[in-house]
Amino acid sequence: MVVTQLSLEFRFQGKKLRGFSCELTRSPHGVLPESVLSTTCQVAIPILLSGLGMMTAGLVMNTVQHWPVFRDVKDLLTLVPPLVGLKGNLEMTLASRLSTSANTGQIDDRQERYRIISSNLAVVQVQATVVGLLAAVASLMLGTVSHEEFDWAKVALLCTSSVITAFLAALALGILMICIVIGARKFGVNPDNIATPIAASLGDLITLSILALMSSFFYSHRDTWYLTPLVCIGFLALTPLWIFIAKQNPPIMKILKYGWFPIILAMIISSFGGLILSKTISKHQFKGMAVLTPVICGVGGNLVAIQTSRISTFLHMWSTPGVLPVQMKRFWPNPCFTFCSSEINSVSARVLLFLVVPGHLIFFYLICLVEGQSVTSSKIFVLLYLMAGMMQVVILLYLAEVMVRLTWHQALDPDNHCIPYLTGLGDLLGTSLLALCFLLDWLLRGRANLAELVSELVSVPP
């Protein structure tokens, strides 16, 4: 596929045209043509793999919630959604940036590829270290407000576990993302479709496992008071090294200067989802909350990240920052246009929506097979769960269309500014809607049991 771009520049003095310049560029690189079937196949398999990974992460969380450290340090449960969401934000924005670079041919040159990869990885490490610490602080603040306890030993444990988890997970998943994007480019597959969900298939599991292991290790060595502060300071001390590496790529340095607000705000949004999780996970009417939360949050986040990355790539290929194509001039498009038109981004939105119900049914069935009676499996709950999953994705896909247009109009990169907000909102929506499903199911079953009891009492002869 050959991409041809014509750039015109007019120079005026007053109202008179004094000169102009014309630049024609042709590039053999670009997005390969995709049919609905090819898009569905490319997206479906990675989404299923990511769902299995998130399901495994849910099973892990269902197990570790009973560990002594999670019972004693309640704020660890509040930390899970923002920390998992942070991992998702960093890896999804990294995947989206690398996919855009791959589709525009920027990483085909070996020297340029090394510069782009090293600087992107360094930026992710800086963001992971700093925001990992901020996530722990946010969890502590929310926990202090709710149960008014403050223990310096637990503060140090929480901060150190969060920083190490964010650092190691970002490093491992960043390397994985790089391999996936380069491999996808070589095999002629659109990285936008597969990079994010494949990384997510291991991301949640890796993040939760590292958090559980690190927090348990420091909890078992809590008598050595200097251990946690020393380790935390050591990881923070590596930050200048990552900044030095990132400086080799000036466009990436802009992310370090201006890309903090989306990541931090997304972390704060996810923290409220974590607060909901910590308040509901131990109550009997929310049985199964721990195992289903990573699935519903992860599926919604992955689907909206894929759509955002595709729209961003489309704009990078066919427009310039600050200028929206004719068919995308409206900031608040009609929802029918977003989901029902023949435009390429609308087609991909329909494909992603089509995957929601079958995907959730498969994951729910597998969870019930593994967990058995520990997960509510009534018909009412399954219906409510599917409705919640569909509602979450519809809202996120529409907001993705709106936010990408707004950020592009402001000459901002949607890869860096949209995905964090949307995945953070996806975590909050997913956790809230899932808790509502459990609550409605409990109320409806309670009413049905009450009606059955009343009918039995009425039918008993005096």
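Note that Cβ sites are derived from N, Cα and C of the backbone, with glycine treated the same way.
Remote same-chain residues near the transmembrane segment (41-61) are listed as 34, 80, 84, 189-190, 193-194, 196-205, 207-209, 212, 290-295, 298-299, 302-303, 306, 351-352, 355, 359, 362-363, 366-367, 370-371 (criterion: CB distance under 8 Å, separation of at least six residues from the stretch ends). Positions annotated as transmembrane segment by Swiss-Prot, on the basis of sequence analysis: 41-61 (among others).
Annotation source Swiss-Prot lists transmembrane segment at 121-141 (among others). Residues 75-76, 78-79, 82-83, 86-87, 90-91, 94, 155, 158-159, 161-163, 165-167, 169-171, 174-175, 178, 232, 235-236, 238-239, 242-243, 245-246, 252, 255-256, 259-260, 263-264, 267-268, 271, 274 of the same chain, all 6+ positions outside the transmembrane segment (121-141), place their C-beta atoms under 8 angstroms from a C-beta of that stretch.
Taken from Swiss-Prot, the feature transmembrane segment covers 163-183 (among others), and the record attributes it to sequence analysis.
What Swiss-Prot records for 194-214 (among others) is transmembrane segment, and it gives sequence analysis as the kind of evidence.
Marked as transmembrane segment by Swiss-Prot: 225-245 (among others).
Summarising the annotation, Swiss-Prot assigns transmembrane segment to 258-278 (among others) and lists sequence analysis as the type of evidence.
Per Swiss-Prot, the feature transmembrane segment maps to 351-371 (among others); the stated evidence is sequence analysis.
Residues or ranges marked as transmembrane segment by Swiss-Prot on the basis of sequence analysis: 380-400 (among others).
As annotated by Swiss-Prot, transmembrane segment applies to 424-444 (among others), with the evidence given as sequence analysis. Within its own chain, the transmembrane segment (424-444) has Cβ neighbours under 8 Å at 81-82, 84-85, 89, 265-270, 272-274, 276-277, 280, 285-289, 292-293, 296-297, 300-301, 304, 376, 378, 380-381, 384-385, 388-389, 391-392, 395-396, 399, counting only residues six or more beyond its boundaries.
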